[in-house]
Each structure stands twice: as C-alpha cells, then as structure tokens.
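J.: Here's a structure for you.
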C-alpha cells in the first residue's frame, strides 16, 4: 500500500484502507435564535447518503440547504444550533455529539468541505502552499513533503500546474482555479466524505462543466461519498445519483435523480422543473412558480410548509405536516400525492 | 526589488512636491501676515539706530530674504535657503537658527510621544482583540466602553485630570519640566531617573489618549475578519485554533498600520495640549510659544517639519505594505 500522508489512525477499515463512509441523518433540526424566539431553519430532516454515491440537495435560497451541509460537520454557526437529531457517519459516529478536539480532527480529515467558488476560502495573506502546511500541522501530519506532493498531484489531476498554484496567493487565481484548490484542500487529508456547497455558482458555463466533470471523476477514482448542495437542477442532473429536494427547511421529495427529475411527484418538484426554460419549444412553456419561498420567520409552524404556493392544497395541509411516504425507491411528503395514490390503489383493488 | 525602487522614486517625487507646496504656502503666510512683521522688524532695527543696510541684512538673516526685494526675489531667496536647511533665525531665541531650536525641541517630543504611541498601540490592539472575541459578553462590553470613553475625552481634559490626580491629590510625580535641576545633565543614574520621572505623566497621558482609538479600530477590524469566509473555511478544515487566531490577527491588524504611520508622522507636531500642560519643551510647546511671540520664522519651520514627517511616514507605510500585503505587492508589479 502506498504510504499516503494521511496514513494515520482513525476512520479506517481493518485493511487500513479508508473506504467511502455511509451517512445517516436522522430527525435533524437546526434552530436559529432570533428576537422572535428560536426558529427552525431545518426541521426533522431524514436523509441517508449511501456509501459511494453522490447525493444532490436542491432548494431555493433560504430553504436550509447550506445549514444542512454545515450540520454534517457540526459547524452550524451561532446564533444557530442543532437542537435535535443525529448525523451518523461510518467510522466517526454521531457528529452532533462530537466536541472540542475530536470534532476539530474529524473536520478536514474525515469530512472535506468545499466552499462556493466565489467565496474567498483562502487566507489572502498566505500562499496556498503555506496554508497547506498549516493544515498539515493542524492535523499532525508527520511527512509534510508527502502532503505537498499529494496536493501537487491532486491539482495536477484537476488540470492545474500544482507547483505554480501552491506558490500563488488567492488573488492570483481565477474562480475556477480557486474551486479546484478548494477541492484539493477537502481531499488532501484523504477524507472520504466530501460536502460541496454550491460548487459551481458564480462560475462561467465552461468552468462549471469542467468542475462538474472533475467532481464526478474524483468521486469515482477515490471512492468517495459526496453531498452536493445547489440551487441548480442542472448541476444535480449532471452529477448526482440521488436527489433530495428541500423546501422551507424540510425535505419534500427524495430518490434516484432520474426518477425524481423524470417523474416528479411532489408539487414543488414539479413546479421547479416546469420553471426551467427549454432549449427547444416556446419560452412561454416555462412557468414560474407563483409566490415566494418562506423565510425563517414565515415558515408555518404547523401543517405543510409548501401549502401557500401549492396548486393541490387541501384542508389537511393546514393542520398536519405530511409524513414522508415511500413510493418505490422514493420518499415524498405530500398529502395530495398520498390521496391520489391511495385512490389509484382503491381503483385497482 | 526594482518594483520597490520605482515605487520609492515615485513617492519621493510626490513627497518633495508636497513639501515645496507647504513651504510656498508658509512663505506667503509670513510675507502677507497682517502687520507685516518683516517691515516692522526692519523699521524697529533702524529706529534702534542701525544703518539701513545693516538692518536689512539682519532682517534677511532672520527671515531668509531681503525686506526690500520684490516678491519673486524674496521667494527665490527663501526657497534657496530651504535647500541649505536654512530656515532663518528665531526671534524668541536671538541669534539661534530655527533649525537648532527645532532640533532641541524634537529631542523632547520624539522619544516620549513615540513611547506613548507604541504603548497605546500595543495595549489598544491587544484589548481590541479581546473586545472583539468577547463582544457578546460583559468583558467585551466593558472594554468597548472604556475605549469609547477614553476616545471621547479630549486630550487636555485627560492631561489636566492626570496632572490633578498624580501631582496634587496623590503627589507622586513632578508637575512639569524635563528633569530636576538638582542633577547634572549627563549619563548618570540620578539624572536619567529624574528624566523618566518627569516623562511619565506626559507618556502615560499620551498613551491613554490614543488607547481608545486603537481598541475601537482593532475591535471593528477583528469583527470584520471574523465574518470573512476564509476563517469559517479554516475552521471547517479543522485548523488549530492557534493557527486560525494568527490568520485573524494578521488580517485584522493590516489596516491599522496606515493609522499608526500617520500618527507616528503627527508626533512631530508634538502633543500640543499635553506638552503645554506638563510644561514639557517639545515641538508642540514650541509651536504655541512661536505663535504667542509672533516668531514667524520658527512657526514656518515647525509647520515644515510636521509636513516632512507626515510625508515620510506615509512613504514608509506604503513601502511597509508592499512587504506585508501580497495583494499590494502584486498590484505594484502589475502597475510596473
């Protein structure tokens, strides 16, 4: 086995080689403290990330998807906090219960996090290489030369001149280059769970396509479990095996990407897909979803979070939150969909 | 290195132009001041029985140009004198060149004010970091309030208060002057001890007066950096707290160096109120004296030295930035 710089105990199988971990998020609720009391940004989210898959989480801004992503590292920023639920990661246990040094060491080494490309995720006063050394020292990497070599290889793998990039400051790199540096930082300690928050937002189309190809390829080569957070259905369609649709802090529909996009069940998913303008046909066929997404303060405390904008709204939606019900490989939370399928079942009987 | 040399050359050219402009303004102020001090001086000397030629020469020595010359001749004479570091002769100290008087006063300003500024900078920056980190706690609030309070109190009130407390209520420190006349000036323990004793009140007052500004500036700078994405990114990569702390400090302190450079330049203007109140014969004290005595040559010289100091401080600050901030460095490279 080649001596990787991160061949250090923790999160490995008996063979010593790390493998893609599975992740089980259960009943996750994140609240933010506001003058109006603690308001939920994420409520009761259940989501499994099967080992070795790419899962996409889609939602509008304010739907709670970034908060969900930060929860995977137990890094929800104050005034927010995880008030209930668990995030079980294979080889790490429940991240929500981790504290202090244990939590710090898990970040970076077990879970890699990639920021949105337009954000400045690097210290502007230090070269990429020096920050890499800081990372190595933080995680007690003994062989820093090997770490630099690994970083150079990773950057080279993504089509960059590793030596040059390591010697550069953030302001000397383009958005696409920064994003690849971000991916390098997430992987260089051999993390096998990678969270990408809006990985292609604010990049031009060509660079977007390149980054998505890189994500897909690196995911397969290194055997990762990947979570991609995005507002762009196109990104998910491109890379994700599984798709979860988020609205008002809740997952409304999840399942294999092809099924969800090809035959959306939840009225919100349907609305999202109908809102995409097509390359062929009339531009008028694209229909915007009426209304606005709820904010932290306007998310209804009872009933379905989507009912205000829902074409299938029923009386029960006012009072009861729809439970997630399995439809084949898919979970949908909608009273109306339930009623229709129940009706169909009765007819068949 | 050529980049820095080129930058330096540009700064020097601009700096010299600046000094010349200030010298010109100061010339015209002296030349056109109400009551025409030059003509008055000339007439006074003649009345005292001096021959017109001798009186003319004596006046020229004092102001750097002949009282009978045209405006242009006088200007050329004055500026010519500047290049020979001849700023004329002080009226209040007969026969002493202005440069000598300034040099003597600078001695009493530079060291105490420098010490005071650096003290308040170090203290204010350290406390500012704490105030930022503990900003939602009582300690942070107290620190911020102490900063606002000290920043809000005028220097002279602070100086009078300090003087009242430590020379009258608890008389532990001398009320003014530079050293006790009991001691022989020179390198001996008694004299140096007395120097330090006399400098304590001005230095501490200066430090307290500056502290409020530093703590507030540093607090807001740290709070800004704390909200930057790269700090969260470093946390999410599991960086050690000590490393993240260094990232925060270096990025937060950067903008404060400009303020530090400017205040170091301003220190040549002396702490006017503090020096006056503690009777400390520095440049600020000298400036007040020259104004009260209508010693125009000395006034012009004092203004000039302040200008030069600020120009030099700004040049140094800018060069310093090219060393510590890579973004400025490559900006200079791109411009070159």
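Cβ atoms here come from the backbone N, Cα and C positions, even for glycine.
Feature table excerpt (TrEMBL):
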type: TRANSMEM; residues: B:12-30; note: transmembrane segment
type: DOMAIN; residues: B:106-317; note: domain 'ABC transmembrane type-1'
type: TRANSMEM; residues: B:110-133; note: transmembrane segment
type: TRANSMEM; residues: B:153-173; note: transmembrane segment
type: TRANSMEM; residues: B:253-274; note: transmembrane segment
type: TRANSMEM; residues: B:296-321; note: transmembrane segment
J.: Honestly, do the transmembrane segment (B:296-321) and the transmembrane segment (B:12-30) touch, with at least three Cβ pairs under 8 Å and pairs 6 or more apart in sequence?
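T.: Touching, yes - the transmembrane segment (B:296-321) and the transmembrane segment (B:12-30) meet the threshold of 3 or more Cβ pairs under 8 Å.
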J.: Is the transmembrane segment (B:110-133) packed against any residues at least 6 beyond its ends, judged by a Cβ distance under 8 Å, and which are they?
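T.: Distal contacts: 139-140, 143-144, 146-147, 199, 202-223, 226, 248-249, 252-253, 256, 260, 263-264, 267-268, 270-271, 280, 282.
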J.: List, by number or range, the same-chain residues at least 6 past the transmembrane segment (B:153-173) whose CB is under 8 A from its CB atoms?
T.: 197, 200-201, 204-205, 208-209, 212, 271, 273-274, 277-278
